[in-house]
Amino acid sequence: MDDDKSTDASSVDARILLPLNKLFDTDDDDDSLPTADDNSNTALRNGNITNKNETRKDSVVTFSDMDQMADGRATSLSLINNQDEDSDSRDEEDPETPDVSPRKLIFNAARRWSVKAVKNAGPEGVHVKDDTSSFFVTGRDFESVNTNHTYTNSEKELLAAHDSLDYLPPHSEVYKAWLRNQPARFNLDRWVMMALIGVVVGTVGYLLHQTVNVIVHLKWEKAGVFIKSDMLMAFAWVLTYSIGFTAIASFFTAFVWTPAVGSGIPEIIGFLNGTVVRHALNLRTFIFKFISCTCAVGAGLPLGPEGPMIHIGAIIGNGLSQFRSRTFGCKLPLFERLRNSEDRRNFTSAGAGAGVASAFGAPVGGLLFALEEVSSFWTMKLSWMIFFCCMVTTFSTDFLNSAFAEFKYWGSVGLFDVDKYIIFRVHEEIAVNVILFIPSALLGALGGLLGGVYTVLNLKIVRARRAIMSKITNRWLEKMARFLEPVIVMTILAALSVSIPMLFPCRPSSCPKLPENTTALPNGTHPECPVIGNFTWKVSKHAVQFTCPGPESHGGHNEHPETSGEYNELASILFLGGEDAVRNLFSRRTYLMFSYVSLVTALVIYFLLSCWVLGSSVTAGLVIPMLFIGGLYGRIVGRGMVDVFFLITGQMPTDPYWRWIDPGAFALIGAASFFGGVSRLTMSLTVIMMEITNDIQFLLPIMVSVMTAKWVGDMITHPLYLSLLELKCIPFLADEPVVHDDENKIVNLELHTVADIMTTPVKTLQTRESVRTLARLVLQNPYGGYPVVARDGDSKEDHLLGIITRNELMMLLTEMVINPRASPNADYIPNLSFSVLGNAIDRLDHLKRRDLILHKYVLAAEYDDVIMDISPFINQSSSSIQSSFSLHRTYIMFRTLGLRHLTVVDRRNRVVGIVSRKDMMGYYLEEKLDLKRRIQQQRERNEDSERKSLLNGLQ
């Protein structure tokens, strides 16, 4: 087959849109390709990607080109490069020239591909203006969920560098042969694997939390001793201890293994949506994420372990189900039937849900989280399996917690104490009043607003961090800067946590005795107990003494224990931090435990520092910070409600009808609202809040708050995890496409066809091709897959048979070098099993000189005579649609079937185009449809001009 071969673009629209189909679905898995994490500036410095901070002149599409296309006189789009007039000639390499790297082709094509040039062309070229250096402008981050994220040209290059995945394995002859040899009891194997994943994730979750508890307990135990004798020594201990563990957490992620940075949830979402995220599921990522998370959370950084636990669970589900490890170079002969793309992704979803179940003790919440947030493809059978996995996970974690506390034998094996497995248990139930739904909705609106601000601020900080790091030319200095950033945050937080509480006075932990010459309140209590009725004074049992006097035994009052002491209100939330601080905020009937000043102070400090450290070079999540921040402003609102009630009635709301006016109850609603405002979760968040508090009475108020927070947050910006996906340039297909025209009107995709956005013409293959032709095709046209056609004997037309991926072709070609069997002038039929092909990416990664091998085939003319038969490896069940197929329904097919490619054919089953997952992204659809509309407008203007000229000539 001639390398120039392509199918005819039969439609006018296909010919018009031909040149703009340059952002292909590449399958290059070379480690040298850039990844879209915070280290992407390495690629920028190496010259692979243009720095976003640099002023760049890009390619501009001129209207003269559109005139030619509209008249049908051009089959390709002329691009005028304002920076270098010879760039186009350099990009168009001679087909026979072998030294064309796939990476160069990817970057050159993606750089030229920017149809928004028509609208945004200016003196600086066509470039979506980035906001990395404009911290206080709205920029691209203030965009509602009904607006597609816009990408700069360099970000589009990162999008192009990501590989895609098929949800289902290729239905080829080798796959069917492999399937026939597998045992018929594979459903039982799946249930066994789900149980195994549950046990392992539950055990790892127990180890993580117990390790964190040991680190935290040692810190505060010694600090409490030092505070009583020497405040300066206590400050030095807390600062040194916290910085030391933060340095350990940051060292491993900054210097040893960068992919362990962050919570990992965006990477798991991207993988389960169909994108290869390199190293996201690596064993080393698991090890260093565990170490970094335990040290970071134990040190006291304003982060939590729940996000990393979800990522760790996904890694366990992915790796354990395959029973093989690239890190150790081993592959065990167990559960081989499960080594396919469908089962692998399902077990990864189960692991993520199990991570939630272990982190929160919420099995139902874990199932719903996997359904609502991380998984893109779902079945009813998968629901039962993940439910079972989450059940086993929760049981494993609770069973171990019943036996050990901080790795010390507890002596109550099998006794599931509710205070141990319900992490924020509410001890006092409060009846809900219908009036509560009004402040619940207001708290939801506040949560959506603050959640949107938190998301945008975090994105601004990440962009600013990237801009700063890109200016550091020395790689070691850059790593050192990343290492020091969390240490600086921890230093600031430790200093503030110790110093600022000293500015707050001590407050009694219970009603003190009446001193002499003091006027009592009507019920005979102390003036500092300003409660009238059957309740006097109460604080949470987790209140922190700090520098205040300790408890002394005396006759107690009413509901408080018969001990008296003092506590520091700010230290009880800021100095304590973490889960115990959240418990203090959620505590019931502690109406006056915290003042407005202490709550606002903690809110400002925690809001800013948690937003700063999130995304830095440590492993940790933001669930605990979200609950803490929401609990703070919820408590502020609740305290305000209590004060208003007291001013009106002169009493505290102890009556059962008004008992709902409780700052602890408002803190719970506020925590749910901020969690929802940041994540936009609804079902799973509501169930998780129920499971971690055991407060079923507040189900409806929490639902109202969460839904309101989602509505308000969606109007401000995208959810945080989706925004991080966009920031990391990980391709992602949302549930529903939202496409707008240049007048900001929603475009009905049912009125458009797949021909409007497809790539055409397409490089196709025959079932028998020369090795030299295949090698040249793989090198010069690094698309993700190639349609395979067969010529009809009667009509002499090529009809679609199926598709073969680029990885499979590279595996077939490189196998000839690893195990050569071909001889000149003879057909070569590769003898590769499905299990080997399934490991194609791994094999290709270890073959560092694979491009040289392919170049050898291209340079050596004798490989023209070696014919390879690829028919056993063709995916015979690949999806195809006609060019008149609805664009909206095309999107649904990609999203629901988990497709990677979709071949477009005409009525006679001839290939006329191809569509990849990235072609269905919202911004790409907008650009392609906008270009089509502009071309149509230009065509109409040309026709009007010709019509007027003709009329003038007749006159």
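Any Cβ shown, glycine's included, is placed from N, Cα and C.
Whatever TrEMBL says is automated annotation, not expert-curated.
As annotated by TrEMBL, compositional bias 'Polar residues' applies to 39-52. Residues annotated as compositional bias 'Acidic residues' in TrEMBL: 83-97. Taken from TrEMBL, the feature compositional bias 'Basic and acidic residues' applies to 936-949. Under the heading domain 'CBS', TrEMBL lists 758-823, 874-931. Per TrEMBL, the feature region 'Disordered' maps to 18-57, 77-103, 936-955. Look at TrEMBL and you will find 191-212, 232-257, 347-370, 382-400, 430-457, 483-504, 591-609, 615-636, 657-676 tagged as transmembrane segment.
It is 347-370 that, among the stretches 347-370, 430-457, 591-609, 615-636, forms the most Cβ pairs under 8 Å with the transmembrane segment (191-212). A contact links the transmembrane segment (232-257) to the transmembrane segment (483-504), because at least 3 Cβ pairs that are 6 or more residues apart lie under 8 A.
With pairs at least 6 apart in sequence, the transmembrane segment (615-636) and the transmembrane segment (430-457) have 3 or more Cβ pairs within the 8 Å limit; the two touch.
Contact between the transmembrane segment (615-636) and the transmembrane segment (483-504) holds: at least three of their C-beta pairs are under 8 Å, each pair 6 or more apart in sequence.
The stretch from 347-370, 483-504, 591-609 with the most CB pairs below 8 A to the transmembrane segment (382-400) is 347-370. The average pLDDT computed over the domain 'CBS' (758-823) stands at 82. In terms of DSSP secondary structure, the region 'Disordered' (936-955) contains 19 helix, 0 strand, 1 coil. The helix, strand and coil residue counts that DSSP assigns across the domain 'CBS' (874-931) are 25 helix, 16 strand, 17 coil.
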